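The structure under discussion appears below in the form of structure tokens.
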Amino acid sequence: MNRLMILVFAAVFLALASADEDVDIAKRGIPCLCVSDGPSTRGNNLSGIMWMKTGGYGGNGCPKGWHFCGKSRGFFSDCCKR
């Protein structure tokens with residue numbers, strides 16, 4: 001079970017870390033709650049995309065053309081929006 005969890009985490013990490021190379025960048029990744037979406041997820045769309053913090057990104061953890069839109073910064077990832 002632990003191996004499966006590590007494998008799934010590694011696959012998600014690699015998919016999100018390489019997502020900025022894709023043309024359909026907004027369709028890939030994990031949706032997250034932006035401040036503009038409202039106070040809760042109930043009845044609201046999640047308009048942000050979770051980005052893994054990797055080298056080469058700006059100080060906000062988002063790729064070029066995207067901005068930080070979350071309430072607080074994560075340790076491994078940030079919620080970004082185009």
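Yeah, the Cβs are placed from backbone N, Cα and C, and that goes for glycine too.
In Swiss-Prot, the cysteine linked to CYS69 by a disulfide bond, out of CYS34, CYS62, is CYS34. A disulfide bond in Swiss-Prot ties CYS62 to one cysteine from CYS32, CYS80, and that cysteine is CYS80.
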